[in-house]
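Undergrad: According to TrEMBL, the domain 'Major facilitator superfamily (MFS) profile' annotation covers 36-473. The feature transmembrane segment is assigned by TrEMBL to 74-97, 104-122, 128-151, 163-186, 192-215, 284-306, 326-344, 351-375, 387-409, 451-469.
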Amino acid sequence: MVGGGPQSDNVIHRMAMDDPIPWWKKPHLRNMYLLLFPCVIGIEMTSGFDSQIINSAQLLPAWKEYFGHPTGAYSGILASALPLGSVIGLPFIPLINDNFGRRWCIMFGSCIMIIGTFIQGFSKNAPMYIIARAIIGFGLPYAIVAGSCLIGELAYPKERPILTSLFNACYFIGAIVAAGCTYGTQRIKNDWSWRIPSLLQMAPSLLQVIFVFLLPESPRYLMSKDRLEEAKNMLIHYHAEGNADSEFVKAEIAEIKVTLEIELEHSKQSWADMIRTAGMRRRVLIGSLLGLFTQLSGNVVISYFLGDVLKLIGYTDPSFQTKYNLGNQCWSLVCGVSAALVVMRFRRRTMYLTGIFSILAVYVGWTVCTAVFIAHKNPVAAKFSLFWIYAYSPAYNLCFNALTYTYLIEIFPYAQRARGIAIFQFWGKAAQFFGTNVNPIGTQAIGWKYLLVYCCWIFVEAALIWFLWPETSNRSLEELAFLFENKEDLAQLQQKRVETEHGVGELDDEKHAVVHEKQV
């Protein structure tokens with residue numbers, strides 16, 4: 001449905017959407033957005049880079065020789081060490097993110113990843129390689145959780161959904177660089193064919209370390225620490241282009257302040273808050289399922305074990321596999337960015353349901369074609385399988401890539417946002433760990449029939465999304481803070497909003513009166 005569903009009665013949302021000046025004509029906002037890419041939006045490049053480091057490295061003769069031609073469970077643990085490290089680090093993320101700020105949390109995670117990448121590139125054996133990948137995994141969610149929060153809390157409301165959607169799209173930039181780099185280094189006939197790409201994985205983290213403190217801190221974090229003047233100056237500078245009398249900023253400050261007061265009044269900012277109320281339990285359930293769905297919808301099969309999948313349909317040439325993989329990553333970037341740019345035009349539920357049913361259709365088609373090829377050695381079926389693998393990308397990007405962090409930032413209030421995204425990361429990394437260990441065993445044991453398991457599971461995902469996912473489009477973050485909450489808190493926020501709108505209206509009347517007097 002075009003237009004994002006029902007229009008909000010929120011004054012801040014209305015004022016932002018009615019703003020006729022595009023972001024690129026606002027110098028301060030434009031500069032902040034341009035800095036967001038190397039500082040924050042590019043964080044997911046590390047995830048994309050990692051998926052292709054493993055996927056592409058398995059196609060390199062030198063890598064396979066160095067690690068003893070890994071298969072089955074051994075191949076799985078080489079890939080799954082990163083999500084294992086992430087699961088270990090997740091419980092401690094809110095301690096840094098909520099106490100020291102978003103930027104310091106990004107800095108901490110990036111430094112850890114640089115250390116892990118250095119060890120990975122100079123690994124002497126498989127245990128050292130596995131430990132290095134676990135260290136990278138430990139640091140990655142610190143940067144992801146803080147980065148996704150910072151984007152949503154810094155962005156002007158009009159562009160927020162697009163920016164948070166682009167966050168995940170950057171995954172494919174890292175994947176393309178890794179796939180392209182590995183394709184080039186395959187000509188090197190020694191260990192440096194895989195060591196060079198492994199060391200390059202630190203590039204996104206280096207960008208974050210260099211640039212992150214050039215960004216302002218989250219105004220919501222600043223207000224939560226009673227640093228109201230700093231938060232006000234940030235909003236005036238970037239959301240009002242330096243206009244201290246901006247009605248929009250006054251309304252924004254008032255709503256953020258009252259929402260934080262209500263949230264923090266009922267919150268102890270502990271993990272117990274996540275299950276204290278029915279509304280929070282619903283959020284936790286959705287965040288947990290979203291973490292599972294983003295990694296168990298068949299994408300890990302393509303991201304980490306594409307070589308095994310291509311062998312099933314007769315494509316065993318390493319050169320073809322690397323070129324096909326590189327092309328798929330470029331195509332995925334196009335799909336990811338395109339989905340992010342249209343996120344404002346459709347309702348969240350519409351995009352999720354369209355995406356998940358498309359994924360189901362793709363997997364059914366892919367499974368049938370692979371089965372036909374194996375049974376009859378039909379080359380047409382093999383080529384259709386190649387098509388279905390490419391068709392998977394627009395389907396997955398439409399929902400799980402474009403909407404993931406946009407949706408998480410919208411359903412979790414400020415006081416629980418870091419913990420909510422950490423819970424999402426926990427289940428996502430746990431599912432990734434499971435998938436990277438089970439997928440090579442499954443494809444080795446039952447071949448194409450393993451794809452049938454995903455067909456059944458994706459149908460279950462579609463049913464859960466249909467019944468559980470609420471609509472969140474066209475509302476401010478403060479308004480969404482009470483999406484599932486009791487009527488008293490919502491009434492308190494609405495009363496404050498009425499007062500704010502009344503104040504804005506009075507300012508408008510005063511302005512018109514002054515203009516009229518001057519004309520007279």
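Yeah, the Cβs are placed from backbone N, Cα and C, and that goes for glycine too.
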Undergrad: With contact taken as 3 or more Cβ pairs under 8 angstroms (pairs 6 or more apart in sequence), are the transmembrane segment (192-215) and the transmembrane segment (104-122) in contact?
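TA: Output yes: the transmembrane segment (192-215) sits against the transmembrane segment (104-122).
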Undergrad: Looking at 74-97, 163-186, 351-375, which one has the highest count of Cβ pairs under 8 angstroms to the transmembrane segment (104-122)?
TA: 74-97
Undergrad: Under an 8 Å Cβ to Cβ limit, what residues of the same chain, 6 or more beyond the ends of the transmembrane segment (163-186), are close to it?
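TA: Contacts with the transmembrane segment (163-186): 33, 36-37, 40-53, 55-57, 59-60, 147-148, 151-152, 155, 192-194, 196-197, 200-201, 203-204, 303, 318-319, 322-323, 325-326, 329-330, 332-333, 336-337, 339-341, 343, 397, 401-406, 409.
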Undergrad: Looking only at the domain 'Major facilitator superfamily (MFS) profile' (36-473), report the model's average pLDDT.
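TA: Value for the domain 'Major facilitator superfamily (MFS) profile' (36-473), mean pLDDT as a whole number: 87.
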